[in-house]
């Protein structure tokens, strides 16, 4: 028999009550999201930090067993840059986009589908045979259209870089219906020549997929706490914002935040009830966003 002091007993009871309160707080959100699709864009530090990658996988598995239908979309910028450096291929950026030659595209495809997707799937499947990799090139999932960029008022060629202009979610829905967690890489065949593929922005791809799937929510992991109205003033963090307010604010945002907030706006405009950017550097931030009343990060809602 193990003796326990009154102070220790009271402390244990307080901790137990706190945990129970947290579980009860999540009840309404479990009801709301039950059997609903949530699209999660995985990126930033969480992709290159082993511990954050592990907790991300735990969160995704938790969503699945809590009755949600999670879909993961990922990029792989840091890994692509590292592989290009290893192969002696120069990385060039124009207007915030990676210039993508046919040689670079082969590296992009190799890293996204052969490295990053497999790593994410492996992390999730450490908890059971749940995840399956799906390339944006598979079964017409994504269709892309080439885009350029404007630098100092001049249109510049980005090579094999594009925007997602059409989504056929059949392959993803098949995985969901089989009880799996789809892990989607952001690469898309060119609409003008399907034999050629394009490097597409993962945030935008996640938004387009969320719309096509009729998702309940889009969550984008970032390396900041959320949207700041006046960066770097940390007192200007926005917890929630309407789509019309965001549309007016978008041109004035810091350049690195624009693609992520534009993706949230695209999702909400397309019928997704809510979209959020959250700090992926915080362990289990995804659970805090989905299953607590106050959430974490910045949430975008329809006007």
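Note that Cβ sites are derived from N, Cα and C of the backbone, with glycine treated the same way.
Residues or ranges marked as substrate binding site in Swiss-Prot (evidence: sequence analysis): 76, 77, 98, 199. For 41, 260, the entry in Swiss-Prot reads site 'Transition state stabilizer'.
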Next item on the list: Rank the recorded positions 41, 98, 260 by the number of other Cβ atoms within 10 Å of each Cβ, and give the residue at the low end.
Entry: 98
Checklist line | Near-site residues: substrate, ref 76, 77, 98, 199, CB cutoff 8 A to centroid | finding: 75, 80, 81, 100, 108, 111, 112
Next item on the list: State, in Å as a whole number, the widest CA to CA span among the substrate-binding residues 76, 77, 98, 199 given in the record.
Entry: 12
Next item on the list: For residue 77 (substrate binding site), just give me the three-state DSSP call.
Entry: helix
Margin query: I'd like the Cβ neighbour count for residue 199 (substrate binding site), meaning other Cβ atoms within 10 Å of its Cβ, all protein chains included.
Written below: 26
Notebook entry, point to check: What number of additional C-beta atoms lies within 10 angstroms of the C-beta atom of residue 76 (substrate binding site)?
Noted result: 26
Next item on the list: List the Cα distance (Å, whole number) between residue 41 (site 'Transition state stabilizer') and residue 76 (substrate binding site).
Entry: 11
Checklist line | Length of the line joining the Cα atoms of residue 260 (site 'Transition state stabilizer') and residue 76 (substrate binding site), in Å | finding: 15
